[in-house]
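Taken verbatim from TrEMBL:
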| type | residues | note |
| --- | --- | --- |
| DOMAIN | 12-191 | domain 'Guanylate kinase-like' |
| BINDING | 19, 20, 21, 22, 23, 24, 25, 26 | ATP binding site |
Ligand SMILES: Nc1ncnc2c1ncn2[C@@H]1O[C@H](COP(=O)(O)OP(=O)(O)OP(=O)(O)O)[C@@H](O)[C@H]1O
Ligand SMILES: Nc1nc2c(ncn2[C@@H]2O[C@H](COP(=O)(O)O)[C@@H](O)[C@H]2O)c(=O)[nH]1
């Protein structure tokens with residue numbers, strides 16, 4: 001709100017987190033969402049197996065490869081990619097409905113998805129890359145999560161360099177040493193991006209009302 005009774009509507013933004021697997025983006029996304037009523041998580045569809053504790057419709061929509069291809073061919077995904085040998089895709093409907101309400105959408109997706117969203121919605125997109133403090137720490141985090149078998153951990157470590165090689169395509173980069181600090185940094189980015197002039201719909205009309213034609 002600026003000035004007495006004048007309210008500025010906001011255009012929702014698409015806040016993308018990418019990182020090598022295990023760097024901490026899902027944990028940070030959960031923290032952001034618990035304290036931010038203006039942001040909604042984009043729940044992806046995936047053909048990978050459900051991990052212990054994961055729920056259909058909360059963490060992912062777990063679908064068969066046949067169902068994924070049907071959705072893809074039907075144009076239901078805003079972006080999709082093959083990651084670690086499984087398909088992942090962002091259902092279009094939730095994203096579009098949320099943005100229309102002036103809320104933000106949070107994405108936990110890889111570099112391929114980030115590139116695709118940038119192409120279709122550049123102005124609305126804010127991309128943050130999360131780096132681990134070191135390769136050793138990345139591997140420790142993947143093991144400590146204890147949700148994937150050893151061969152999956154190895155496969156993800158082998159792909160970490162390829163994912164990290166895309167860091168410079170992002171607007172912001174955070175080295176995730178400490179969860180509290182990284183959460184605070186992410187929130188600072190979000191708050192500043194929400195205040196960008198182009199996202200404050202009707203601002204020009206409001207200022208004009210206050211100062212006239214100048
Ligand atoms: N700063 C941190 N310090 C210590 N542990 C962390 C930190 N950030 C995340 N972790 C831990 O690392 C593990 C991996 O985190 P998380 O699942 O969020 O990674 P991710 O990037 O989302 O991985 P994926 O791409 O596979 O989904 C979790 O056990 C999490 O608690
Ligand atoms: N391009 C997309 N990437 C996605 C999507 N949903 C998740 N992901 C990325 O996949 C890997 C592995 O995730 P995991 O849950 O199996 O550990 C990770 O980098 C996610 O960010 C999506 O819809 N599109």
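Cβ coordinates come from backbone N, Cα and C, glycine included.
A TrEMBL annotation is a machine prediction, not a hand-curated record.
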Contacting binding-site residues, sequence order - 20, 21, 22, 26 vs ligand 2, Cβ under 6 Å: 21
Entries of 19, 20, 24 (binding-site residues) sitting next to ligand 1, with Cβ under 6 Å as the cut-off: 19, 24
Environment of 19, 20, 21, 22, 23, 24, 25, 26, the listed ATP site - residues of the same chain whose CB lies within 8 A of the CB centroid: 130, 132, 138, 141, 176
Site with most surrounding Cβ atoms, counting all protein chains shown within 10 Å, from the binding-site residues 19, 21, 26: 19
Confidence summary for the domain 'Guanylate kinase-like' (12-191), mean pLDDT rounded: 95
Position of peak Cβ density within 10 Å, selected from the binding-site residues 20, 22, 24: 20
Cβ-Cβ neighbours of residue 25 (ATP binding site) (radius 10 Å): 26
For residue 23 (ATP binding site), nearby residues of its own chain (Cβ under 8 Å, 6 or more apart in sequence): 130, 131, 132, 138, 141, 176
